[in-house]
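J.: Quick one: this structure, given as structure tokens, is what I'll be asking you about.
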Amino acid sequence: MEDPMSPQSPRNEWDGGVEKLTATSDFAGFLFLIIWLEFSIYVVTRQFVNLFEWLVAWRGMKRSLRKNLRNASTYPQWVEAACEMDDYMGLNEWKESNDDSYFDAQLVRRVRATLSRLRAAKDTRGLMEALAVCVRPNFAGTENAKMYSETFYGTKRLVEAHVQEVAACLDFVRQATDVSLEEKRGFFRGINKNYGSSALCLSGGACMGYYHFGVIRGFLDADLLPRVVTGTSAGGLIAALVCTHTNAELKQLIRPELADKITACEDPFSTWVRRWWKTGARFSAVEWARKAMFFTHGSMTFKEAYERTGRALNVSVVPADRYSPTILLNHLTAPNCTIWSAIIASAAVPGILNPVVLMSKSRDGTLKPHNLGGSRFKDGSLREDIPLGSLHTQFNCNFSIVSQTNPHIHLFFFAPRGKVGRPVAHRKGKGWRGGFILSALESYIKLDLSKHFKVIRDLDLMPQLLQSDWSGVFLQRFSGDLTLTPRSTVRDWFHLLDDPDRAQLGRMIKVGQRVTWPALHMAGNRMLIERSIQRGRQECRLAANRDRPTTDQTEPSTPRDRLQLQIPIESDADNAIRLRERQKEHRERNGSSLVPGAGDDNAITVKRRRGRRIRDQLDPTVPHNSNPPHSHTPVHSRSQSVSSPLSPRRFANPFNFSSFAKRRNSRSTMSIARWFAGSSSESDSDLPDDDDDSDPLDMDSGQDAAANDYPFDEAVSSQVESDGPDADRQRTRVSQDI
């Protein structure tokens, strides 16, 4: 007989549920009432700060100069206006002085003098020892955001000279000839590990996320776009566009005309109400998958995107269950996962889009569920909007640039002592915004609100709305080392789920650019040192490849050569070049040729091509027709993508949607729904019947084999063909207009 007091008994579960419901009813409502009252006071406080700055701080000539600063149409114009502001407000005096509590001026002065002396004496080894000490994140406070928050443009002259000297010394070591190649390789490898890399993090924010386009354009025009880009929800779509297109393509794409391709919310009110009533979600995952392929180069995978652009795309998703950890998808953790399925999963906010299944591309180009269990995933911003910990672990990112557009967080970003490129207007940048009392009140209310949210989370008082845990929405880290918050308008709050037109997108791009310009100088100083290190690493690797002997292929490999550990993102395009060179050497050594017409068999079949590609990846010291010895360890290197090889013809027209789907036999568009969760994946024209209760994604239903064999590109082709005979011509014309 079951013990009624056992932890697993139904009676005990019922008592626990009643106890939690009682606690929620007694305390949660009271806490939410306090939160609402404090939030109202916070909004009023912020308005008083704005009023104080308008009446007291920004008056007369300063108001006119700030207007010129805000109306600048290009970055050089903004720099000119910023320098005028610094000169008028007397901020140049701060640049010339070396006394400041935010950095160690004496240490920076001594290190700079030492580096200059060693470089003049051409003491390469002494220079390497000195650089190994001073090249690290925020050395002596030189990368502190406060050092760039006292003026509109620039920082201390001593800091500027230190950055230039470090970059010059790194270039000197790279070009030095009195040290061996191995010494330089070890030096740049170690210094790169200490200094790390930069990452651009794009937050969610529904349609406010389109401000990210302006941020991307600002970094792109200044040639400061980091190689590691992460995005969540709306930011995932923009990050996918950035990491699947080259710089030249992005400059042609990020324009107001791009609004013609943003049609995620084009359905009328009656359609989404009917869909929400039947599926519990406003949008259809199938329709979003078809529209997202324009931004992801079709069914491109994370690995293919990395090989094409050299940028590492990261998308944060959360499993549908409550206790599984957040997953960061990239070319290391999910190389064969399709990008469009990742960004749709990252945008699956409960009530807006139901959780979906991630899809991966197999060797023959067909799509199948990414994980064997068929788990479903949803918006990553529910738990971790900015995955700084995972970026540091996987890519050694020690400097983060965050573009924050979340509407529920955007209001709480307030810098009482100014921020990068935007100092306080009075007391020569030494005062407080709105005065000390208003700034202190703002900070106190914000900390008290955070306390109440932590109490609700720790006591588990937050109700499970739409089967999701919302307790971490306000308690994450939403900022980085450099945080950008585009200036939104009241209209944006009423159009969070509406598509922008050309005029609105043009305004968003311009606003995003203007909020990026004040941060470019700080980011540029960081990237100057970072790129000097990367140039040194790249030249050392290329020199090592040139000096590597290729005649003696029978010498057994040493244990060091057997396992070649690849540092993520630090390999970039030169690693792909090395891979192609090794494949070419293997083909020449084995006497194989894939050129049509070589030998008697002009028509080489696809099967033989695949066999040769697999054979070329084997160790050349082991005969291909025999089993390797038990003690032999194959060489581990960056593997090829499992999908078909990337040919120039595949990306000849990256803006034409129809070029990503080969026309095959037409199939029903309802087959797309098998990849997505539940009944949320139907198209608007073909909703499932009420009596159809089968779940095509259930791994236990026996339909997984049929799902794996179904090529998704055929379904997309049939969807494109169903638009009419002039659909491809129309898309081509729209793409050419863009």
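Just so it is clear, glycine is given a Cβ too, placed from its N, Cα and C backbone atoms.
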J.: In TrEMBL, one of 16-20, 231-235, 306-310, 596-600 is tagged motif 'GXSXG'. Which stretch would that be?
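T.: The range carrying the motif 'GXSXG' annotation in TrEMBL is 231-235.
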J.: Tell me the residue counts in helix, strand and coil for the motif 'GXSXG' (231-235), as DSSP assigns them.
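T.: The breakdown for the motif 'GXSXG' (231-235) reads 2 helix, 1 strand, 2 coil.
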J.: Take the Cβ of SER233 (active site, nucleophile) and count every other Cβ within 10 Å, whichever protein chain it belongs to.
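T.: Its Cβ has 31 other Cβ atoms within 10 Å.
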